[in-house]
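Below is one structure, written out as structure tokens, with a few remarks after it.
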Amino acid sequence: MRLETGLRAMVAVCILFHGSHALIIGNTDNKAEDVDICATRTPESTGAFKNKFGQLPGPPGQTCTSDLCHEENTDNYNLHMELKKSNQHLIEGDILCQDTKILPGQRVVTKKTKLWKPKIKYKIEDTFDNQQKKAIRGALKDVETRVQQDTDSCAFSLTEEEHITDDQHILFKKGSGYFTAVGKQATQKKPHNITVSTVRNINAGSVKHELMHALGFWHEHARPDRDRYITINYKNILPKQETNFIKLSDNQVKPTYTKIGYDPCSILHYGPKAFSFSKDKDTIVLNSKYYKTCMGQRVKLTDSDVERIQNMFDCSKNRR
């Protein structure tokens, strides 16, 4: 029996806190599954505990080299403890989940899922220095420009504002890693948070990656049709990290989203060694070697990334 069969049976209910191109929008044409991906991916089930060296499991020797990354965070004990204080944990490397009981209306796929209006505002905390703020602004401007280009009319915009006055706000916070919620979490009283790491220089590509999660997209490798394009080498995955490779089912995603082709180069795709126990062992293998050099890139949105955002905000229908 394939390991994935057992893993899919484990899928239960993830608060919309932050991974692929699968929209968390409720399926309006078919009956959507009310499934929470976080419920069975607790800190214990995902290996979020110290190993014999006092560290959390992570790809040994695996770092973000050049423009290729396997995930947004190399899980570390400090980050785990920081999140644990507020009863939270990460799945798929950068998706924030609550350890507490999932509240009604906060599940991964329901018709009640809150969507962003096209005009989104953001604020950057003053804890970032000017250079760091510039990097975040530049990443957001690049996304806005790419989405608006080649359209006759597109209302999508990302505008910086100092004062948060409504539920259309994103707040960029400084933290020990890159992570956020999948789909809109902002309310009239609080913004949707995106946490950005300043341990090294800010990676603009990772900022774009987290923004797409906040808009409502999961990691590309989680698509229901992924097995046509990639093979998961479960034998190379770190113990207790297999749950990071569970597929979404057809009923968990908007029916139209897989009409845009699978994109190994998407800014939301894992790299080949994601959650590998060795820097020499691949966990994801492309069935076609054509895209190997770009899989896991954290530089820019691909054309398919842009098209998905355009579709979300009804921009593509007006394209020239």
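In case you wondered, yes, glycine gets a Cβ from its N, Cα and C as well.
Taken straight from TrEMBL:
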{"type": "SIGNAL", "residues": "1-22", "note": "signal peptide"}
{"type": "DOMAIN", "residues": "107-316", "note": "domain 'Peptidase M12A'"}
{"type": "BINDING", "residues": "His209, His213, His219", "note": "Zn(2+) binding site"}
{"type": "ACT_SITE", "residues": "Glu210", "note": "active site"}
I'd like to know the mean pLDDT over the domain 'Peptidase M12A' (107-316).
89
Just how many other Cβ atoms lie inside 10 Å of the Cβ on His213 (Zn(2+) binding site)?
29
Would you mind reading off the Cα separation of Glu210 (active site) from His219 (Zn(2+) binding site), to the nearest angstrom?
10
Inside 10 Å of the Cβ of Glu210 (active site), count up the other Cβ atoms and send me the figure.
25
